[in-house]
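Engineer: This is the structure I want to talk about, given as structure tokens.
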Amino acid sequence: IRPLSFENDVDDVRPRAYVLAAEENTIVRNSGDGGSAVEEDARYVFDRVYGESSTTLQLYDEVIADIVESVGRQGRNGTVFTYGQTSTGKTHTMHGILMAAGRDLFGMTMDDGKDKAPVAPFRSLTSVRISCMELYNEELRDLLCRATDATSSLPIQEDGRGGVQIPGLTERTVLDINELMDVVRIAEGNRTVGSTAMNERSSRSHTIYKIMYERREAMTAGVRSFDESAQGCASKEDKENDSTCDGGKSSRTSSQKVLTTVSNLNLVDLAGSESVRVTGATGERQKEGGKINQSLLTLSRVLLKLGKKDGGHVNYRDSKLTRILKPSLSGNARMGCICCISPDVKYVEESKSTLDFATRTMLVTTNAKSNIQVEYKDGLVEEFEREIERIKMETAKSEESRLRMEKALLENADEIVCLKANIELSIGRAESMERENKRIMMQLEELNLSSEKDRDGLLKEICDLKARNHELERTLIECESEKKMMMKHQEVDRGSFAQEPKQMKAEQTLMEEEANI
């Protein structure tokens, strides 16, 4: 239970929604009158309960230190996550746990060195690495190389052994607690935070710190060479059983046993569950809050399934958060859940939801196993080393070839730029030609329309001319007919005129005859 946010000197007497009960490790809903009467469903019993006066170091020493020790001493995985409403001290608590866990892990590293160094055939090497990531709006981001690509989302892959891998995630080797905390500060500086009505610097993402503790222990045993001519084998039986006895000349052989332990400590600072009613979030903040609540709801469903004996199939793929936490939730890790609540009566519903979540996590059981791999090396070590050297040489040649190719690419960079410029120029010309082609096509269409109009006019004029010609032909025929009639009349008249002189002459002759008489 985090302390109240004091606004004045009398705030410490304000009523609390939830308080520590008289019974050990029990939280109850405050009745308000100071009495002990509490409803049964308002009583919560946990493994540990810490009140407003408790410290993070106290919580670590009593709960988390044992998980950290199992990581360093026994090679088991461990997961600790903080859960609760926004502005209840989750990030503050996780920061303190990080410092204490780092201190203890490096303390174990120094102890290993002191314990193992004096033994000649025994060699021990311990290393500590850390990676930091955040899950923001269902996008997984590397907090140690945000400058490279701040918008890329890292993939999540299953390794086939029940674990998950994050290809491309940065891992930093740290030599002491100071280097560890320097890396943590870099990650905290890259986290996505935002201001809400409840918290000026509210975490807008789930943050996962993964500390990898690796210890390699090599024990070498050798058989001393000797000359049988000087002292021989101890007995015939020794000669038969000892492969080093070879006619008085023996070759030295060695057997090496290597124990490799890689254990992971996952420290998960979950973003706070939010209610728009109390945060007043709008726009992007409201969208972020929705994504946070959805992933936390999926986590709650997974825990509910895991807590039941016959819970059926557990779907981890509904959220990237549960996919990342799957190895821890499914059993191969010691798990600790720190649920933070505010005693303020304004947030009683949010606190109740957190307490219900904590109750569900208590039902989940895990069975963490030591992550120890044993290797035996014998006389083939030299052959393996030669093979490694050969591979290194081939790798060096490949790297040299790669550098040559990069150099060639750089030398051809100007040509590539020119080609790009020519391509862009060609594209511009093509676009210009396309525009000109469209313009010409439009003109052709206009000309076609004009030609069609002119053709229609000509056809009409031709029709008119044909009609006029037909009329003229008809008139000409009539004229020809009339001409023929006139000519016929003229012929008749001409015949009449030809007869008339003869008649007149006859009459004249007759008159002359009459006169003579």
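Even glycines carry a Cβ here, placed using N, Cα and C.
In TrEMBL, annotation is done automatically, which means it is predicted and not curated.
According to TrEMBL:
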BINDING   Gly84, Gln85, Thr86, Ser87, Thr88, Gly89, Lys90, Thr91  ATP binding site
COILED    381-450  coiled coil
DOMAIN    1-364  domain 'Kinesin motor'
REGION    231-256  region 'Disordered'
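Help me picture where these features are in the structure shown.
Structural biologist: Around the Cβ of Ser87 (ATP binding site), the number of neighbouring Cβ atoms within 10 Å comes to 25. In the three-state DSSP scheme, Ser87 (ATP binding site) falls into the coil class.
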Engineer: If you count, for each of the binding-site residues Gln85, Thr86, Thr88, Thr91, the other Cβ atoms lying within 10 Å of its Cβ, which residue has the minimum?
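Structural biologist: Relative to the other binding-site residues in Gln85, Thr86, Thr88, Thr91, Thr91 has the fewest Cβ atoms within 10 Å.
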Engineer: Could you tally the C-beta atoms, other than its own, that fall within 10 angstroms of the C-beta of Lys90 (ATP binding site)?
Structural biologist: 25
Engineer: Among the binding-site residues Gly84, Gly89, which residue has its Cβ surrounded by the fewest other Cβ atoms within 10 Å?
Structural biologist: Gly89
